[in-house]
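Undergrad: Could you have a look at this structure, given as C-alpha cells, before my questions?
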C-alpha cells in the first residue's frame, strides 16, 4: 500500500459547541489535498481520538471516505489499549471503506513485547486492510522494540508500515535494514523527517503538513532526487514551525495555526485547552516568517 511521502495526521474540526463539524471537515480535506497531502489519517492523536466517541470515529471514517472519493488513501486510527475494542472498531472502519488502519501501541497497561506482538497480530488477523503500526512511547510509555516490529513485518502479511515516533534513529535504522523493501517506515516526528529519510525512511505522518505540506513535499522530493543541500535548506526553514506546533499540547497549536491561515476548524476538547495569548502571538510570529 502506497501512502505517499506526506501523510497528514488530520485534526478533527469542531463547532462552537464542541461537536464534530462535518462542513468544516469537508473544507479541510479539500485544503489538505491541494497542499501536499498524499494520504489522511483520521481519528489519530492529532484528531483528538481520546476524546472522540466510537460513534464519532465511525462517522468520521464514513464521511472522510465519501468526501475523499478515492483521491488519496484514508487511514483510520483504530488502535487502543483494549484489543477486543480495537478489533471491533477496525471492522467498522473496514465497513466504512477506509484503505488502511493505524494501530497505536497499547497505552497505560504497559504490555510486554510479547503482549504487543499478540495484540497487533490479533487485530491484523481480523481485517484484510493494510496495517500501519504506530510507536509513540512519549505518549504510551510502552515502546515497540525494533525486534518486535521486524517480527511483525515478517510474520503478518498485512502489517505493511510503521509510524515511528520514538526518536531513536539507531532503532529506526535497524527496522529499515531488517524488514522487507515493501515495509515502509514513516517518521512520526516532523522535525526528524529528513534524518529518517537519510537512513532509508519513506516519508512522514505529519502535523506540520496542515501548514507547510507543499514545502514538506518539496523537501522529500529534493532529498530523493539527490538534492540534499536543498532539502536541508527547506528543513532548516521549516524547523521553527515544526517546533512551535508542539510547544503546547497537540493539536491546540495546529488548530490555531489553521485559524491564523483563515481556516476555521474550531477549538479543542477538554482536557486540552486553547493557546494562551502569548502562545498564540508566538505561533503567529513564526508562521508569518514562513
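Heads up, the Cβ atoms here are built off N, Cα and C, so glycines get one too.
Features from Swiss-Prot:
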- 45: site 'Part of a proton relay during catalysis' (SITE)
- 46, 205: pyruvate binding site (BINDING)
- 108: site 'Part of a proton relay during catalysis' (SITE)
- 134: active site, proton donor/acceptor (ACT_SITE)
- 163: active site, schiff-base intermediate with substrate (ACT_SITE)
Undergrad: In sequence order, which residues at least six apart in the same chain have a CB under 8 Å from the CB of residue 45 (site 'Part of a proton relay during catalysis')?
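TA: Listed in sequence order, they are 9, 77, 104, 136, 139, 250.
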Undergrad: By CA distance, which of the recorded positions (46, 108, 134, 205) lies nearest to residue 163 (active site, schiff-base intermediate with substrate)?
TA: 134
Undergrad: Going by C-alpha distance, which of the recorded positions 46, 108, 205 is nearest to residue 134 (active site, proton donor/acceptor)?
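TA: Looking at Cα distances from residue 134 (active site, proton donor/acceptor), the smallest one goes to 205.
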Undergrad: Please determine which of the recorded positions listed here (108, 134) has the lowest count of neighbouring CB atoms within 10 Å.
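TA: Candidates: the recorded positions 108, 134. Fewest Cβ atoms within 10 Å: 108.
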Undergrad: Output, ordered by sequence, the same-chain residues six or more apart from residue 46 (pyruvate binding site) with a CB under 8 Å from its CB, or 'none'.
TA: 9, 10, 11, 207, 250, 251, 254
Undergrad: At 10 angstroms around each C-beta, which of the recorded positions 163, 205 has the fewest other C-beta atoms nearby?
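TA: 163, out of the recorded positions 163, 205, has the fewest neighbouring Cβ atoms within 10 Å.
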Undergrad: Which whole-number value in Å describes the distance between the Cα atoms of residue 108 (site 'Part of a proton relay during catalysis') and residue 205 (pyruvate binding site)?
TA: 23
